[in-house]
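Below is the structure I would like to discuss, written out as structure tokens.
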Amino acid sequence: MKKIIIATKNKGKAKDFEALFGPLGYEVLTLHDVADDMDVEETGTTFEENALLKATALANRLQTMVIADDSGLEIDALDGRPGIYSARYAGEEKSDEANIDKVLEELKDIKESERTARFVCAIAVVSPTSEPFTVRGTCEGVIASERKGTNGFGYDPIFFVPSENKMMAELTAEEKGAISHRGNALQLLAANLDNLVGKA
Ligand SMILES: O=P(O)(O)OP(=O)(O)OP(=O)(O)OC[C@H]1O[C@@H](n2cnc3c(O)ncnc32)[C@H](O)[C@@H]1O
Ligand SMILES: [Mg+2]
């Protein structure tokens, strides 16, 4: 089976990637499988820079092609926050629950029509034999005032997707992949994925 290595430790993200890559015939491996000790500091100022930092560190170590995803939630009423700080918005312990609580508190006086937001996902592809590059996907939505749904991860329980009339956390991984920022970014890669990975 063809393998794709993703420089992530986020199990929710890995599940999203499995739903996206599985049907294309790929087995998904993550940092937990190939370099459990690795922890790359996300010092970039954009999603793209951070995705490149994570992918480059692992590609250098393994000397093979890897991809990384840096993603987050941009809320218009918060001037784009939490943005690249989405994972650690409520503190370094990276708690999805605390992050959601913080966002809901900050938006408590904001009316629904002004709660627009988008998920952003930058995927970096880095290989020892070709130039690194990134693609970006987005997904527009509205921040709800309370949690609903148990699928997905991160901010999915408060992210309402108008096109589906559901919260992101109410979608199956497959349904999410069809409309999500991650799915949209991957669409841009899919055409030349086999060329990038080889047929191994
Ligand atoms: O860096 P890695 O190891 O990949 O894992 P991470 O969780 O730290 O990932 P990021 O640095 O890219 O931060 C992304 C954060 O943005 C949020 N996020 C990204 N994509 C999401 C999605 O599809 N659904 C809900 N929240 C998402 C969530 O809080 C993530 O922790
Ligand atoms: Mg991270």
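Placement of Cβ uses the backbone N, Cα and C atoms for every residue, glycine included.
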TrEMBL records Thr8, Lys9, Asn10, Lys11, Gly12, Lys13, Phe153, Gly154, Tyr155, Asp156, Lys176, His181, Arg182 as substrate-binding residues. Which of Ser71, Ser95 is assigned to the same site?
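My reading of TrEMBL gives Ser71 as the candidate in that site.
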Out of Thr8, Asn10, Ser71, Asp156, His181, which of these binding-site residues is nearest Glu41 (Mg(2+) binding site) by C-alpha distance?
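For Glu41 (Mg(2+) binding site), the closest Cα among Thr8, Asn10, Ser71, Asp156, His181 is found at Thr8.
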Determine the minimum-neighbour residue: among Thr8, Asn10, Ser71, listed as binding-site residues, which Cβ has the fewest other Cβ atoms within 10 angstroms?
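Minimum Cβ neighbour count within 10 Å, taken over the binding-site residues Thr8, Asn10, Ser71, occurs at Asn10.
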Rounded to a whole angstrom, what is the C-alpha distance between Thr8 (substrate binding site) and Asp70 (active site, proton acceptor)?
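Here the two Cα atoms lie 9 Å apart.
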